[in-house]
């Protein structure tokens, strides 16, 4: 492709979520609060798991990694979206746009694989409880987390290699609040239909494969426990319900954006906001509200902190 054409576009214009100044001020306040909650909520979970010895188990090690990923998933796009609410000219440099595409896909794909790892962890804990700590030792957990990041990196590199070679020779307006791969491809000075299908297939390999593995994992857990105990199904559902909820709220928007796109602009924006803002926000709430050990760790942390401050 002609690299000279690419140099003609040095920045992209983002339309954002709204055009009305009043609505933008309202959204600025709302999303600033939400982003603060996302960062603080996920940091709290990571701190609790790191400092409380009662939470030094494989499941919480993986949960801490999920919180870390969620925090950065939102940080790729949300701060830029918030600052753009106060700007009349919402632009992003070519390098910034490429960076958003790379990190958004790297982190999202990494989270998909991590959710599969967490499902495997629940399978071992419920179906093979006597061998749980032998199978899910620290070395294996660390290796599985490394695999999730490696998968995300490889997936993101496949997008990066494509986007840096696209010829951009004029159109530079993106009807979204961040640089998303399908929207960037449409701006290339070429017939992007086949490339769009190829990128959807690339996303589909990761998203659909992980989603199917998750469905199989949790179905197998419920069937296995139900066969061994009459109350097994409800017990397994109670144990895995938080994980299943997180899986659904993360995968459904991603699938309808990248794998089977509906090409409805307002819906695409809503889904993008949902998985980049509300998913990282809901994950800490889901795991905290439905997990007694996290609640108890929070109480111990507060009591220790208050006790330390009182003694000092």
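Every residue, even glycine, has its Cβ placed from backbone N, Cα and C.
According to TrEMBL:
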- 41-287: domain 'G-protein coupled receptors family 1 profile' (DOMAIN)
- 25-48: transmembrane segment (TRANSMEM)
- 60-82: transmembrane segment (TRANSMEM)
- 102-120: transmembrane segment (TRANSMEM)
- 141-168: transmembrane segment (TRANSMEM)
- 204-225: transmembrane segment (TRANSMEM)
- 237-260: transmembrane segment (TRANSMEM)
- 272-290: transmembrane segment (TRANSMEM)
Would you call the transmembrane segment (141-168) and the transmembrane segment (60-82) in contact, using three or more Cβ pairs under 8 Å, pairs 6 or more apart in sequence?
yes
In the same chain, residues at least 6 away from the ends of the transmembrane segment (60-82) whose Cβ sits under 8 Å of its Cβ atoms read 16-17, 28, 31-32, 34-35, 38-39, 42-43, 45-46, 49-50, 92, 96, 100, 103-104, 107-108, 110-111, 114-115, 117-118, 121, 138, 141, 144-145, 148, 177-178, 246, 272, 276-277, 279-281, 283-284, 287, 293
Might you confirm whether the transmembrane segment (25-48) is in contact with the transmembrane segment (102-120), defined here as three or more C-beta pairs under 8 A between residues 6 or more apart in sequence?
no
Other same-chain positions with a Cβ less than 8 Å from the transmembrane segment (25-48) and lying at least 6 residues past its termini are 17-18, 55, 63-64, 67-68, 70-71, 74-75, 78-79, 81-82, 85-86, 277-278, 280-281, 283-285, 287-288, 294, 297-298, 301
Stretch-averaged pLDDT - the domain 'G-protein coupled receptors family 1 profile' (41-287):
86
